[in-house]
Amino acid sequence: MQDRSDQFVLALDQGTTSTRAILFGRKGDIHGVAQQEITQHYPQPGWVEHDAEEIWQAQLAVARAALRDNGILAKQIVAVGMTNQRETTVLWDRSSGEPLHRAIVWQDRRTAGLCDELTTAGHAGLFRERTGLVLDAYFSGTKLKWLLDHIPGARSRAERGELAFGTIDSWLTWKLSGGRAHVTDPSNASRTLLFDIHRCCWDEELLALLDIPMALLPRIVDSSGEIATIAAEWLGAEIPLSGIAGDQQAATFGQVCLQHGMAKNTYGTGCFLLMNTGQAPMASCHRLLTTIGWQRQGKTTYLLEGSVFMGGATVQWLRDGLGLISSADQIESLAASVADNGGVYLVPAHTGLGAPYWDPFARGALFGMTRGTTRAHIARAALEAIAFQSADVLQAMEKDAGQSLSELRVDGGAARNDLLMQFQADLLGVPVVRPQVTETTALGAAYLAGLAVGFWQDEAELTALWRADRRFEPSMAEDRRSALFADWHRAVERSLHWANAT
């Protein structure tokens with residue numbers, strides 16, 4: 001076997017709050033990390049935007065830093081894999097490469113009213129059947145329609161082929177390739193409300209409903225294969241970009257959930273629980289999403305997904321919004337300083353509720369406070385809310401799949417919180433397993449890229465590389481679990497339908 005000890009795969013991980021570049025070796029081990037935060041823009045309540053040009057410059061900077069700071073030359077990089085925040089929508093000029101507007105982030109709720117109008121008009125079923133998604137402001141399609149409706153002349157320019165639309169993967173691939181590649185993979189395309197997941201192509205009927213010209217859309221390519229070539233001016237040599245997947249699909253691949261019925265939960269800004277359902281899409285009867293995991297070697301793998309909007313973002317809100325903590329790391333010790341939540345429940349519906357409720361008009365609320373409530377109780381309620389939301393999703397997932405989960409693999413920043421992971425295992429009643437390499441999103445992108453160029457031979461090799469760091473066994477009595485769920489669901493019920501559609 002060829003000695004590849006001095007060769008690496010570079011993973012570009014463009015997330016909601018930060019952009020990173022991570023170097024992976026043959027054993028799936030990390031050889032270098034560079035990171036830069038991304039500015040969040042909140043122009044109106046419920047609106048969330050990013051500067052697409054800032055994202056590009058940050059991604060380029062961290063890619064260069066990962067190589068430079070670790071003494072790695074461009075010729076040692078056999079492939080680049082990319083993973084990205086999904087649904088976030090960019091519209092740019094094909095000639096200048098300049099964005100026409102700040103990117104509309106997946107958390108943005110400005111099109112909730114439009115989604116209501118489309119639902120009232122009877123279109124929700126068609127979107128659901130074709131795309132596997134619920135008709136919600138979360139996804140890219142209505143965001144793109146908003147941009148075309150509100151930027152003067154944009155729709156006519158789009159019809160003339162002067163503009164390009166893309167999720168963040170498309171935008172960065174365009175920039176990295178010097179404008180030569182306008183592409184996306186099925187995992188990202190399946191999050192737009194514009195993509196037929198059964199035929200794996202853009203859907204003309206859905207495009208017509210949203211008045212979106214086909215000329216805007218990127219070409220569909222495999223998640224693992226010959227995608228684009230990164231121009232030599234960026235990293236010092238031409239390098240193949242051979243792997244792309246949306247962040248949650250990439251994390252599922254990085255967790256090596258490659259067999260039917262395996263599932264993972266990523267605790268990032270939001271929480272995202274995905275289950276592998278094999279080579280055929282599984283329609284959900286419990287308000288989950290059917291989505292494409294990845295496409296390689298002519299085969300498409302499908303997933304069931306439940307999306308929680310406020311995961312780690314709940315902790316950020318405690319820090320930045322309320323000032324209860326000065327750093328996110330403080331929450332575990334603060335929450336552990338009390339024996340339980342003291343009857344306090346936080347429903348973090350700050351941007352509505354995702355699966356399985358899908359209520360864009362729910363709003364955040366605290367219940368059960370007394371004169372004895374302390375900041376520690378609120379901190380604990382915030383952590384527990386992350387686990388409660390994830391448990392709601394898993395219960396719906398088990399009903400859809402007709403089988404119980406044997407274990408849940410976990411990753412993301414909050415997965416390092418032992419108190420949260422133990423509470424999650426207690427609520428679910430199944431073991432929660434944290435891997436040694438928790439950077440599974442970037443690892444999944446690296447695996448997809450490396451498989452395409454032979455750096456790793458096959459999926460069996462990836463399975464052999466996966467190692468557990470810690471296994472959290474459930475220890476909560478069933479009557480206690482049931483009582484906690486009953487109170488949680490009472491709290492959720494009171495937070496629903498709070499805001500007005502206008």
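Glycine too: its Cβ is placed from the backbone N, Cα and C atoms.
The candidate list THR16, THR370, THR373 contains one residue that Swiss-Prot assigns to the sn-glycerol 3-phosphate site with ARG86, GLU87, TYR138, ASP247, namely THR16. Here the CA atom of GLY413 (ADP binding site) lies 12 Å from the CA atom of SER18 (ATP binding site). Note on proximity: of the binding-site residues ARG86, TYR138, ASP247, GLN248, GLN316, the one nearest ARG20 (ADP binding site) is ASP247, by Cα distance.
The ATP site is defined by THR16, THR17, SER18, THR269, GLY312, GLN316, GLY413, and by the 8 Å test on Cβ atoms against their centroid, the other residues of the chain that qualify are GLY15, GLY268, ALA313. Here the binding-site residues are THR17, SER18, THR269, GLY312, GLN316, and the one with the most other Cβ atoms within 10 Å of its Cβ is THR269. The shortest Cα-Cα distance from THR17 (ATP binding site) to any of the binding-site residues (GLN248, THR269, GLY413) is found for THR269. The glycerol site is defined by ARG86, GLU87, TYR138, ASP247, GLN248, and by the 8 Å test on Cβ atoms against their centroid, the other residues of the chain that qualify are GLN85, THR88, TRP106, ARG191, GLY246, PHE272, SER307.
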